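What follows is a set of notes on a single structure, which appears directly below.
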Amino acid sequence: MTQQRTLLVMAGGTGGHVFPGLAVAHALREQGWKVVWLGNRTGMEATLVPKHDIPMEFIQFGGLRGKGLVTKFLLPLNLLRAFWQSLGALRRVRPSVVLGMGGYITFPAGMMASLLGRPLVLHEQNSIAGLANKVLAKVADRVLCAFPDTLPDSEWTGNPVREELAHMAEPEARYDIRTGPLNVLVVGGSLGAAALNDVVPKAIAMLPEAQRPVVTHQAGAKQIDKLRANYAAAQVSAQTLPFIDDMAKAYADADLVICRAGAMTVSEVAAAGVAALFVPFPHAVDDHQTTNAEFLSKQGAALLVQQQELTADGLAKTIAGLNRPQLKEMARLARGLAKPEATRRVAEVCSQMARD
């Protein structure tokens, strides 16, 4: 009888690390694997992962980048504690392979996995690698990246995205059947993007009513009241939502998406095959959102506007200058740069590297 293989996923902090990890976890679990997740009790993974019936191990570690003198002074002690906790988790789980998907907790756990001789596979979601993955890449058995040439000796797999996005109809099949005003989807994420919430309503108001697009604007629960007030003040009609349950349908219905440029957003836009105007978050570490967006914008597959250059007048002129055939071509180019088999490929590498 074949022994059941065990995957230990290390990921935490943000959805950009957790959601692709969940995609791979589900893929391997469907193949009969046992999956255990290592995270931080204070991260979103602590509440999200158990909803997927995945057991968790926890370590306590706040990161390698100093947040003040006290944090820097305590870093050696915090690292030592995290190494010890990681050692305990690895001995309890006895994984066949360890998959690091990013976040601070991957550093101590990944180092201990390597020290114990457990196969270590890394996946970097951003176009500029995080500090933990830069260090771990030197000891990992395999390094996978969402964007080309992010880390040395890595394989470009793309980002694992929601299964339904990878199997959407081709852009031509969607754009060619539409008539009337453009459909614009504005995505601010779970926290909302204040810059988009302020500028987009004003920009739409500057357009003649006959040229105004149909707008769906998602802003996060904390920003939704302010957003609705902004549209009311601008006397613009829009569907405003705190969150969107079915992102695949939202992408499928859109001619243009206006959004930030987090790694998963860029990957989802490409997988869906939809035109996008990216406004990178200006305070992202190493300005990685700009580099993420450039992966598509430099190929003519998206538009890129820096937040400091985002004005209502400029955005209004940009929207007025767009038409559906132009957007269809951008969507087609974006789809051509997607890696729809990313989940399958990452799972395949884990299977190849597994050792009982």
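Each position is counted from 1, following the chain as shown.
A Cβ is built for glycine as well, from the same backbone N, Cα and C atoms used for every other residue.
Swiss-Prot lists T14, G15, G16, N126, R162, S190, I244, Q289 with the feature UDP-N-acetyl-alpha-D-glucosamine binding site, giving sequence analysis as the kind of evidence.
Sequence features, as recorded in Swiss-Prot, placed on the structure.
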residue	record	contacts (Cβ under 8 Å, 6+ apart)
T14	UDP-N-acetyl-alpha-D-glucosamine binding site	M44, G103
G16	UDP-N-acetyl-alpha-D-glucosamine binding site	G102, Q125, N126, G262, A263, M264
R162	UDP-N-acetyl-alpha-D-glucosamine binding site	F19, A23, M247, A248, E268
I244	UDP-N-acetyl-alpha-D-glucosamine binding site	V187, Q218, A250
Q289	UDP-N-acetyl-alpha-D-glucosamine binding site	R260, A261, G262, F278, P280, F281
Return one of helix, strand or coil for I244 (UDP-N-acetyl-alpha-D-glucosamine binding site), based on DSSP. coil
Please name the residue among the binding-site residues G15, N126 whose C-beta has the most neighbouring C-beta atoms within 10 angstroms. N126
